[in-house]
Number of protein chains: 2
Amino acid sequence: MIRVGINGYGTIGKRVADAVRDQPDMEVVGVAKTRPNFEAERAVARGYDLYAAIEDRASQFADAGIETAGLVDELVAQSDVVVDATPSGIGAQNKELYEEYDTPALYQGGEDADVADVSFNARGNFDDARNADHVRVVSCNTTGLSRLLAPLREEYGVEKARVTLVRRGGDPGQTSRGPIDDILPNPITLPSHHGPDVNTIFPDLDIDTLGLKVPATLMHMHSVNVTLESEPSADDVRDLLEGESRIFCIPPEFDIDGTGKLKEYAKDLGRPRGDVWENGLWSESVTMEGNDLYLFQAIHQESDVVPENVDAIRAVTDSMDGAESIETTNSALGI
Amino acid sequence: MIRVGINGYGTIGKRVADAVRDQPDMEVVGVAKTRPNFEAERAVARGYDLYAAIEDRASQFADAGIETAGLVDELVAQSDVVVDATPSGIGAQNKELYEEYDTPALYQGGEDADVADVSFNARGNFDDARNADHVRVVSCNTTGLSRLLAPLREEYGVEKARVTLVRRGGDPGQTSRGPIDDILPNPITLPSHHGPDVNTIFPDLDIDTLGLKVPATLMHMHSVNVTLESEPSADDVRDLLEGESRIFCIPPEFDIDGTGKLKEYAKDLGRPRGDVWENGLWSESVTMEGNDLYLFQAIHQESDVVPENVDAIRAVTDSMDGAESIETTNSALGI
C-alpha cells in the first residue's frame, strides 16, 4: 500500500483524499490544514487523521473542539508521497519541508512549473513523472486541454491549436470573487498562461490561448479550434474522442445545454459533491471545416485534476504504468 | 430633409429616432408603437408624434393618457423612408405595408436576410444599398465583425477568420432572460448564425463562428482570430484599426478591464443612455503570431447598429456617398 499524506484540505485536497482512500493500492496517512473550519470538521468526521499545518495556530483546533494528530512534519515523515494541495504559491514554500524528509511530493497547477522536475498529465506524459521527486499536476484547464490534444496529436497530428477559455469567475464557495454581470478579457494581453502551460506537457505543440472571465461558478468552458494535419470527418473525430475514458462525449439526446445541466447530471449519477472528473464535451459541437476542428468542452475546475493526482502518485512511486494506473483510478472512482 | 418614420420604439427604435433627429439632413415624422409603456410616455415627452401600430389596440394609448397622432399606415404614407425596429420576425410581416405605400424600408438584423434586397454595413458595403427599396441593417455582432474585417481585408487580405462570440444573455431590461450562473454553448452546433450573416456583407470571406451565452447584460465580447494573407506587426494592425472611426481602440492607460468600465466611460462621456456606438477593442490584446491576428472587442448590442441605420437611410435615398454619410453621422452624434 502506498502511504499518502495530503497537505491542504480545501477544494482539491479533500477530493484527492477521498479519491486516494478509494484506491486499492493506497491509504491516506492523514491530512493537514492551517485552521479549523467546516472542512476540518468534516475531515475528522470522515476518519482522517488531521495534522496542523502551522505550529503557531495548532491550538486553534483544540479551541474549536477538533482533535489533531500532530504537526504536518509528522505527516510528511510518515508518508511515501505527499500531495500538496495548498493555495497557489504555498506549495513552493513547502518544498523544503518535503525535501527535508526525502518524501516525493505532488504540487498543483497553481504553482509555477519550475517548482517541480516535471509537469504531469496522465494521458499526456505519464512516463515523464516516473520516479520523479517533485511533480506538478497541471491546472484544471491545462488538464482538460491535454486530455483532448493527446489523442488528436497521436491520430491526426496537430498543426495548430487556438482556444478561447471562458472561465468561471470563482467557485461556488468563493464569495468574494467576481465579476458580477460583466465579461472580462483576462488577461487582456495574449497569450493567457494556458498555452504555455500546455507546452509543459507537449513542448513542441503550437498553441495560442485567449482567456476570459464571466459571472459563473460551475465550470469553465473551452471554445476549441484545432487545425489538424489531416482531414478526418467529424464522425471520425467523435469516434476517437468517445474512446477516451476521461472525455465524456455528451449525447445530443441528453438535452444538456450548459454547465448547470451537466453538473445536475453528475449529481443524478451520485457523484461525490456532484463532481465531473471528465472533460464534458458536446458531441454535437464537433465540426470539421477543411482540416479545422471545432468543439465546445466544459471543465470542472474543482475536480478534473483529482484522478490525475491519483495517477501521479503511482508515477512517482513507479508502481504501475500509465494505462494500468488510469484504468485502476477510473475503476475505483466509477469513471 | 429626408422624412423618416420609425416603426417600433423599443431598444433600437428609440435610439434610431434620437440619432435621426440629430442629423442635419433628416427629420423624424413620427414613431409607431404597439402599446403604451414607459417608452411610449417618453416618446411623447420627447416631442415625437406617436402612432399606434395595431388598430385594435389604439384605444389603449388613450386609456393610458398618451396622445397618438394616428395609425402606423399614416406614418408610413408620410415618410420618405421607414426604419422598421420591431421585434424579430415582425419586420417581415410589415413588409407588405411598406410596399403598399411604396416607402423604402430598413429592417433590423433579427430578420432573415431574404426580407431585403441587400444586407448592409456602412463600412462594408454602403454602395450595395444605394437606391434599394428594402435594406436589412445587420445585427449588432455582424456589424461589429464587419467593421473590423473591412479594413483587415483591404489592407492585408483575410485568409480565414475564426471568432468565438461570448454573448450577453439579455439586455438590462430583459428581466426574464437567462442564464444565471451558467455558460451555454449557444448554439451547440456550428456554425453560429454570425458567420453566414457576415457573408451577407462579404460573400467570399472564409469565416467560422462559435456562439456562447453567459450571465451578463452589458455588452457582447468577441474573441477574434484572423489569419491574414500577410504578416504585419501588431503595431501596424493597431495603427490601422485606430484609423477606423467606428472602432474605439481602448488605450491601456484607461484601465478598462471589461464591459462594465467601458460602459461607465461612455456614461462619463455624456453619451445618451451610456451608449457605445463603436466597437470597443482592447489595444493591448492586438497580437500577431505569424500571420495569425488575435484580439478582444466588446460590442454594445443596444446601440452599435444605430449609426448604421442612419447611414442606411442615406443609402436608400442615394443622398450621399458612404464616406460622407459616415462622417456626417459621426459628427452629428459626436463619435
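Using N, Cα and C of the backbone, Cβ positions are placed for all residues, glycine too.
Note: TrEMBL annotation is automatic and uncurated.
The active site, nucleophile annotation in TrEMBL covers B:Cys140. Cβ-based neighbour count (10 Å, all protein chains) for B:Cys140 (active site, nucleophile) stands at 24.
According to DSSP, B:Gln301 (NAD(+) binding site) is assigned to coil rather than to any helix or strand. Around B:Gln301 (NAD(+) binding site), the C-beta neighbours below 8 angstroms that are at least 6 residues distant in the chain are B:Cys140, B:Asn141, B:Arg168, B:Asp171, B:Met219, B:His220. Summarising the annotation, TrEMBL assigns NAD(+) binding site to B:Thr11, B:Ile12, B:Gly110, B:Arg168, B:Gln301.
Of all Cβ atoms in the protein chains displayed, 23 besides its own lie within 10 Å of the Cβ of B:His194 (D-glyceraldehyde 3-phosphate binding site). Secondary structure from DSSP puts B:His194 (D-glyceraldehyde 3-phosphate binding site) in a helix. As annotated by TrEMBL, D-glyceraldehyde 3-phosphate binding site applies to B:Ser139, B:Cys140, B:Asn141, B:His194, B:Gly195.
The domain 'Glyceraldehyde 3-phosphate dehydrogenase NAD(P) binding' annotation in TrEMBL covers B:2-140.
With B:Gly195 (D-glyceraldehyde 3-phosphate binding site) as the anchor, the candidate binding-site residues are B:Thr11, B:Ile12, B:Gly110, and the one with the nearest CA is B:Gly110.
The two recorded residues, B:Ile12 (NAD(+) binding site) and B:His194 (D-glyceraldehyde 3-phosphate binding site), show a Cα separation of 19 Å. The most densely surrounded of the binding-site residues B:Gly110, B:Gly195, judged by C-beta neighbours within 10 angstroms, is B:Gly195. DSSP classifies B:Arg168 (NAD(+) binding site) as strand under the three-state reduction. Other residues of the chain with a Cβ within 8 Å of the Cβ centroid of B:Ser139, B:Cys140, B:Asn141, B:His194, B:Gly195, the D-glyceraldehyde 3-phosphate site, are B:Gly109, B:Val138, B:Thr142, B:Thr143, B:Gly144, B:Leu145, B:Leu165, B:Ser192, B:His193, B:Asp197, B:Val198, B:Thr209. With respect to their backbone Cα atoms, B:His194 (D-glyceraldehyde 3-phosphate binding site) and B:Gly110 (NAD(+) binding site) stand 11 Å from each other. Each residue in B:Ser139, B:Cys140, B:Asp171, B:Glu302 lies on the same chain as B:Thr11, B:Ile12, B:Gly110, B:Arg168, B:Gln301 and has a C-beta within 8 Å of the C-beta centroid of that NAD(+) site, without being one of the site residues. The C-beta environment of B:Ser139 (D-glyceraldehyde 3-phosphate binding site), restricted to residues of the same chain at least 6 apart in sequence and closer than 8 Å, consists of B:Gln108, B:Gly109, B:Gly110, B:His194, B:Asp197, B:Val305.
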